[in-house]
Amino acid sequence: MLVKNTWYVAGMATDCSRKPLARTFLNEKVVLFRTHDGHAVALEDRCCHRLAPLSLGDVEDAGIRCRYHGMVFNASGACVEIPGQEQIPPGMCVRRFPLVERHGLLWIWMGDPARANPDDIVDELWNGAPEWRTDSGYIHYQANYQLIVDNLLDFTHLAWVHPTTLGTDSAASLKPVIERDTTGTGKLTITRWYLNDDMSNLHKGVAKFEGKADRWQIYQWSPPALLRMDTGSAPTGTGAPEGRRVPEAVQFRHTSIQTPETETTSHYWFCQARNFDLDDEALTEKIYQGVVVAFEEDRTMIEAQQKILSQVPDRPMVPIAADAGLNQGRWLLDRLLKAENGGTAP
C-alpha cells in the first residue's frame with residue numbers, strides 16, 4: 001500500500017515548462033506544465049472525452065489542448081473549449097492535483113486535496129543556501145520505494161556494497177544511535193561517529209588533510225520518503241563530535257527523495273551539497289560522478305532484490321540487529337498507513 005495524504009516530490013522545478021511532461025505517481029498518470037504566467041500545474045493525464053493522454057497535446061494561454069479532439073482544459077482542470085460545440089457538459093473536467101514549488105522542487109499531493117497543507121512540506125533543506133554548492137540528479141528504479149528507504153536507513157551495507165566509494169571496514173560493525181520522534185508524521189534520526197578512523201575513498205579524494213579522521217553520518221528521515229544527510233570528516237581530535245568544524249573538514253549535505261511511481265517502480269531525486277571550493281567545476285564533476293557511482297551500486301542490488309521479491313512475495317525476511325534503523329522507519333511508515341486508512345492524522 002502507498003501513503004497518499006502526504007507531499008511527494010514530482011520533479012525539479014526546472015523539469016516543468018510550457019511543454020507537457022508526463023509522469024506517473026502512485027499508479028496515477030499525471031501531466032505537468034506551466035501556464036502562461038509561469039505557474040506550475042499538475043492535472044490527470046487523461047482527457048475525460050476519449051481518455052487520450054493530455055501530455056500529447058499542447059499548452060496554450062487558456063490551458064492544455066488535447067491533441068485528439070481539441071478540447072482545452074484550464075489550470076483547475078475544467079474544460080473551457082470544445083471545438084464545434086458551444087455548450088460544455090458539466091462533467092467535462094479532469095482532476096487537478098495540488099502542486100507547490102519550493103526549494104527548487106515541485107511537491108505534489110496525490111491524496112484528498114482538502115488535507116493538502118503546504119506548511120507540512122519539509123522545510124529544512126539546503127537547496128539554494130548561498131554558502132552551499134548544490135547539484136541535483138535523478139535515477140529511475142525498477143523497485144518499490146520502500147526497498148530504497150530500507151537501504152538508506154541501513155549503514156552496515158556500506159562496507160559491502162560500497163567498498164571503494166562510501167564504505168570502510170568499520171561501517172559493518174559500528175552501532176548507530178537511533179532517535180524516533182512520533183510527533184506529527186514522525187521523524188527518525190540515526191547518528192554514527194567513527195572516531196580516529198580511515199576516511200572513505202569519496203572523502204579522501206577531496207580532503208585537504210591526511211591521516212585519521214573523526215567521521216560523522218547524521219541522517220534525518222521524514223516519512224514516507226525523504227532523507228536528509230549530514231556527513232563529513234575532520235582531522236582526529238579537532239572537536240568534531242562536540243560540534244566544531246575546522247576549516248579543513250570535509251562537509252557534505254545530501255537530500256534523497258523517493259516518490260513511488262508504481263508498486264514496483266520509483267522516482268529518485270537527490271541533491272548533493274558541499275560548503276568548500278564552491279566554484280571548482282572540476283571538483284564538482286568529480287564529486288558528482290562519485291555519488292552517481294555509489295547510487296548505481298545501490299540500484300544494482302535493490303533492483304535484483306525486487307526481482308526476487310516479485311517472484312516469491314510471501315517469502316519472509318529474517319531481521320538481524322543491524323536492521324534497527326530500517327525497522328524503525330518501517331514502523332513509522334506503517335503508522336502513517338494505519339492513520340490514513342482510519343481517516344485520522346497521526
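Placement of Cβ uses the backbone N, Cα and C atoms for every residue, glycine included.
The model shown is predicted, which means the values in this text are computed figures rather than measured ones.
Features as listed in Swiss-Prot:
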DOMAIN    7-108  domain 'Rieske'
BINDING   Cys47, His49, Cys66, His69  [2Fe-2S] cluster binding site
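Secondary structure by DSSP for the domain 'Rieske' (7-108): 6 helix, 48 strand, 48 coil.
The least crowded of the binding-site residues His49, His69, judged by other CB atoms within 10 A of its own CB, is His69. Take the CB of Cys47 ([2Fe-2S] cluster binding site) and look out to 10 A: across all protein chains shown you find 24 other CB atoms. Residues near Cys66 ([2Fe-2S] cluster binding site) in space but far in sequence (CB under 8 A, at least 6 apart, same chain), listed by position: Cys47, His49, Ala52, Leu54, Leu56, Gly57, Val72, Phe73.
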